[in-house]
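**Student:** Shown below is the structure under consideration.
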Amino acid sequence: MRDFAAEIEQRKRDGLYRQRRLISGAQQPELTADGKPLLSFCSNDYLGLANDAGNIEALRNALPRTGLGGAASHLVCGHHQAHHQLEQRLAEFTQRSSALFFSTGYMANMGVISALVGRGDTVFCDRLNHASIVDGCLLSRARLRRYPHGDVAALEAMLAGTDGHKLVVTDGVFSMDGDVAPLRALARICRRHDALLVVDDAHGMGVSGPQGRGSVLEAGLSEADVPVLIGTLGKAVGTSGAFAAGPQWLTEYLVQKARTYIYTTAMPPALALATCHSLDTIEAADDRRDHLRSLVERFRSGARAAGYCVMDSSTPIQPLLVGQSHAALALSRALEEQGFLVTAIRPPTVPQGQARLRVTLSAAHTLADVDQLLDALVRIGGDVPDHAEASA
Ligand SMILES: *Cc1c(COP(=O)(O)O)cnc(C)c1O
């Protein structure tokens, strides 16, 4: 038998061993992790809605009406009025004709991509796309071509040299870098080369664009420009699940073909109603988004002044590029000793030599929280080997 235990030991030596922390209590900046109180800067709860009293109340109020379990798949008898209501709300929120509710973003990407392309087709995938997109591409059995991150010219050359059915897929906001895809240019070349554009806006949803409607609407792109818009509900929306939104044909087709939609139990319907409530909150949450932007600016200028290598991002994802995995882990541990939880992100989640601390900010943070983190980063500064190397 293959020596799995030895592989685990090797991972530890390489600084690549992954460990889960045990969180108790609600998700919010003040966390208890492995029994220790820490100030967290690594969740995707960008608007502080994961523990929002209004959302929790909406869930509680929905439960007596819907019961708890989903009980069956949507195509058997699981498709509840509450799911239908959420789909209509999501279509309206994203200014699309229709939306289909999936259980997770991972399942949405797997199901959507493998439904829309197959053997003999070609799918073009940004090098830094989320793992669930890559897995969706692989599952589809289409030819997979990865293009250099954000490189529209390289992508266009690939598209021009390819016949047959073509699909281009990109993160809206890149999950580990925080930068935004060149969406307008992508839409233009997809139109020119008759390629279907899919945007996964997991990290833009709720945060970017007018009333938090996402990076696709921030770029002013219509359903004709971006026919397939994917969003997730477990990040800024603060609940759980995901969706694909677009023309009527898209949702109809996915109901026929998307296996991760068809062969799974419907999510608890009450959760769909809590999500509708959260979307109402998000539309009216410009104050939270304004506060978040000021936190981002404060953090960026402070971290840069302290000699850290901030990346080119204006979103709440503010990674500090470190380089080597061991060094990223050391920085994360040093921060933990000072009372902060910031996870080190290492290969294969990010490319070799680009390990980083993925700092994320939330509207639930205060300016004082950010200042405390910056103070700790200044104190740690020179103690951690080669964090400055990448910025040199
Ligand atoms: C988190 C994430 C997903 C997965 O969504 P889940 O609902 O957590 O499964 C998909 N795409 C991107 C870009 C993500 O960041």
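Placed from the backbone N, Cα and C atoms, the Cβ positions cover glycine too.
Bear in mind that the values here come from a model prediction, so they are computed numbers and not experimental data.
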**Student:** Just to be sure I read the record right: R18, T349 are listed as binding substrate in TrEMBL. Which of H130, H149, H277 is listed for the same site?
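**Tutor:** Substrate site check in TrEMBL: besides R18, T349, the record includes H130 out of H130, H149, H277.
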**Student:** Do you know which of S97, S175, S222, S240 TrEMBL groups with G105, Y106, H203, T232 in the pyridoxal 5'-phosphate site?
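**Tutor:** So, going by the record in TrEMBL, that would be S175.
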**Student:** Taking DSSP three-state, what's S175 (pyridoxal 5'-phosphate binding site) in: helix, strand or coil?
**Tutor:** coil
**Student:** When the Cα-Cα distance from T349 (substrate binding site) is computed for each of the recorded positions Y106, S175, H203, T232, K235, which gives the smallest value?
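**Tutor:** Comparing Cα positions, the candidate nearest T349 (substrate binding site) turns out to be S175.
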**Student:** Want to know which recorded positions, from R18, H130, K235, are within 10 Å of Y106 (pyridoxal 5'-phosphate binding site) at Cα; which are they?
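**Tutor:** H130, listed in sequence order.
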**Student:** Please name the residue among the binding-site residues S175, T232, T349 whose C-beta has the most neighbouring C-beta atoms within 10 angstroms.
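**Tutor:** Compared across S175, T232, T349, the most Cβ atoms within 10 Å surround T232.
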